[in-house]
Each structure stands twice: as structure tokens, then as C-alpha cells.
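Visitor: Among the features that Swiss-Prot reports, S-adenosyl-L-methionine binding site is placed at GLY102, LEU124, SER132.
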Amino acid sequence: MFNVILVAPEIPPNTGNVIRLCANTGARLHLIEPLGFPLDDAKMRRAGLDYHEYAEMRVHRDWDAFVAAEAPDPARMFAFTTRGSGRFHDHAFVPGDWFVFGSETRGLPADVLERFPNEQRVRLPMRPGNRSLNLSNTVAVVVFEAWRQAGFEGGA
């Protein structure tokens with residue numbers, strides 16, 4: 001299935017929502033430290049309800065530790081950013097792809113973003129003049145589009 005990577009998430013309910021999303025879609029969740037909250041944060045657990053036990057979640061101390069542990073295919077990694085030039089719906093996603101998202105207030109760190117070629121820096125369309133969409137909403141849009149492209153494989 002797909003892989004969701006949150007780099008330094010800051011807001012517990014957003015991460016809780018993403019945990020619930022991953023549990024319901026079969027996506028794997030990777031959290032890259034530092035996290036803006038402890039993993040047992042009540043707000044995160046409340047947002048994720050009882051889905052934590054159904055989600056496959058891994059925590060990595062930093063970007064390099066994540067890459068070393070998971071060995072993702074660089075050609076199948078996509079950085080979602082308001083500074084992206086590509087439109088996400090122009091990509092053909094396949095199971096196993098890696099979707100990378102930055103923190104709610106800062107987005108992806110420059111040292112992570114610069115590792116992605118321009119064609120893999122993608123954005124969701126939105127109205128001009130707006131800063132960004134909510135992190136968990138963005139993740140949901142991306143995961144469901146990718147899953148749709150895969151024919152909702154494994155879904156009921």
C-alpha cells in the first residue's frame with residue numbers, strides 16, 4: 001500500500017486524524033522526529049479514536065534515519081508543498097509510493113525539500129492568495145486519489 005511520511009508534525013489532532021486515515025486505507029505512517037507532542041498525547045489519541053492499534057506506524061529520529069531504515073525508491077517519493085510546481089492529479093501513483101508532508105506551520109524543511117527533483121515537488125490546487133490546506137485534509141486528499149488510481153485495492 002502507500003506510505004505517508006509526516007516530517008516534524010506539530011499539532012496532535014492532525015496526526016491523530018492521519019493515524020485514523022492510515023488505519024482505514026491500509027497506508028503505512030512514518031513520523032519523522034522531532035514531534036511537537038508526545039505520542040501518548042490525549043488530543044492525538046482522541047482524534048485517532050481507537051484506530052491506533054489498526055495503523056502501521058513507525059517513528060524515525062530524523063530524515064536520514066528514515067531513509068536508512070526504509071530505503072524508499074527516490075523515483076517514487078513525492079514531496080507535497082505549497083512551493084511545488086507539479087499538480088498532484090497529473091501523477092500516476094502506484095502502491096508502494098511515498099508521500100512526504102511537512103509540519104503545519106513551516107512545511108517541509110529546506111534540507112528535505114531540496115532532495116526532491118522539481119517534478120516530484122507537487123501541490124494540491126487551491127484558490128490564489130491562500131496559504132495552505134490543513135495537513136490532515138491534504139494527506140486525506142492525496143491518499144484517496146492514489147488509492148482511487150489503484151482501484152481501491154483492498155477496500156470494501
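Using the three backbone atoms N, Cα and C, a Cβ is placed for every residue, glycine included.
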Visitor: On the three-state reduction of DSSP, what should I expect for LEU124 (S-adenosyl-L-methionine binding site)?
Guide: coil
Visitor: Who sits close to GLY102 (S-adenosyl-L-methionine binding site): which same-chain residues at least 6 apart have their Cβ under 8 Å from its Cβ?
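Guide: Result: VAL7, ALA8, PHE80, THR81, LEU108, PRO109, VAL112, LEU113.
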Visitor: If you draw a 10 Å sphere around the Cβ of LEU124 (S-adenosyl-L-methionine binding site), how many other Cβ atoms fall inside it, taking every protein chain shown into account?
Guide: 18
Visitor: What's the longest C-alpha separation between any two of GLY102, LEU124, SER132, the listed S-adenosyl-L-methionine-binding residues, in angstrom?
Guide: 14
Visitor: Neighbour count, 10 Å Cβ-Cβ cut-off, for SER132 (S-adenosyl-L-methionine binding site): what number do you get?
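Guide: There are 17 of them.
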Visitor: In the three-state scheme derived from DSSP, which category covers GLY102 (S-adenosyl-L-methionine binding site)?
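Guide: The residue in question, GLY102 (S-adenosyl-L-methionine binding site), is coil (DSSP, three-state).
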